[in-house]
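Database features, via TrEMBL:
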type	residues	note
TRANSMEM	44-65	transmembrane segment
DOMAIN	57-322	domain 'G-protein coupled receptors family 1 profile'
TRANSMEM	77-96	transmembrane segment
TRANSMEM	116-136	transmembrane segment
TRANSMEM	157-177	transmembrane segment
TRANSMEM	205-227	transmembrane segment
TRANSMEM	268-291	transmembrane segment
TRANSMEM	303-325	transmembrane segment
Amino acid sequence: MAIKNCCHLLFYTLRLGATLDCNKSADGNALQLPTFSTAAKVRVIITFTLCAVSAVCNLMVLWAAGKGGKRKSHVRILIMNLTVADLLVTFIVMPVDAVWNITVQWLAGDAACRLLMFMKLVAMYSCAFVTVVISLDRQSAILNPLGISEAKRKSKIMLTVAWTMSVILSLPQIVIFHNVTITVPENFTQCTTHGSFVHRWQETLYNMFTFTCLFLLPLIIMIFCYTRIFVEISSRMAQNNSLSRDIHLRRSHSNIPKARMRTLKMSIVIVTSFIICWTPYYLLGLWYWLFPEKMEETVSHSLTHMLFVFGLFNACLDPITYGLFTIHFRQGLRRCSQNSNIHTELGNNTCLVQVSCAPSLQLEKHPHSMMLPPCLTVGNV
């Protein structure tokens, strides 16, 4: 029984970790221990690649969003929180998954088993819940456009609730996950929930509760929010033409409607990418919890590897979406690039000037001398 439990690693209480291949031995009775299969090797390579790309992109977004000074718009605060959630996935879920696939068994000890399973679920919950907060915020912005003054306060409250619930709902992971060691056919240790549930239905109930909170409920809220948004926009577009022209004329001197629509489009893309990336994996998990034997007979290990990696890809899409729809982010990157080019050109000019200027010229060392060609710090060229 313990060996079989070590093989059920794909959706076992939403571990969201290594999927390791178990095969029966030649006699058809004993089970061989999991191995680092070819599919797992491909998964590790892709996961580390996604980890590097996601880290660079999300850190750039966090830097750009933090450049707005002390007073930041509530939309930027929402994006920063989503970026932090994506970074949790990047620096916790991805490396743990990749290393676990390489080592096959769990080598980090019981305390790390409990803590990392807790942190992994916090990361997954935070991504889902912050995306829900963005949806609720966009619904409020469209349905109640005059409530901008309250938007920042409401978004802070919703973000606090989102992060708090992410931690609370993940706490059971610390209790149910632990190290299990078997000795036949050889010593093998795995981080699993084996023995934490007395009956099968208890495990299924916990899995279904987690599935509902982590995916199903956020999905319903997102669909509800954007359905209301589209209904509201359609209703406004169907108003009297003269009234519509009047509204357009009165708003033509303001850039707020255009910015609001751009933010709405950005949030729609973020929500859509979340749904597209994670739906296949969670549906496969639902199938496993309800019909585990049937799922294992039908679905190959390669497909489970692929679907999990596809879900992780969502952490890379969010910063790309943010960069495409956010002007100040692109401007920040452009300024950074220009400053880098200027410093490079100034450095080149420094070398040229040092050759052409009289060697007896001594430069005064001060904080700004490193930012300008030497000749410019002592006079005009």
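Here the Cβ of each residue, glycine as well, is placed from N, Cα and C on the backbone.
Across the domain 'G-protein coupled receptors family 1 profile' (57-322), the prediction's mean pLDDT works out to 85. Contact counts against the transmembrane segment (77-96), taken as Cβ pairs under 8 Å, peak for 116-136 among the stretches 44-65, 116-136, 205-227, 268-291, 303-325. Annotation: stretch 303-325 has the most Cβ pairs under 8 Å to the transmembrane segment (44-65), among 116-136, 157-177, 205-227, 303-325. Within its own chain, the transmembrane segment (116-136) has Cβ neighbours under 8 Å at 14-17, 78, 81-82, 84-86, 88-89, 92-93, 96, 108, 155, 158-159, 162-163, 165-167, 169-171, 173-174, 177, 191, 210, 213-215, 218, 221-222, 225-226, 267, 270-271, 274, 314-315, counting only residues six or more beyond its boundaries.
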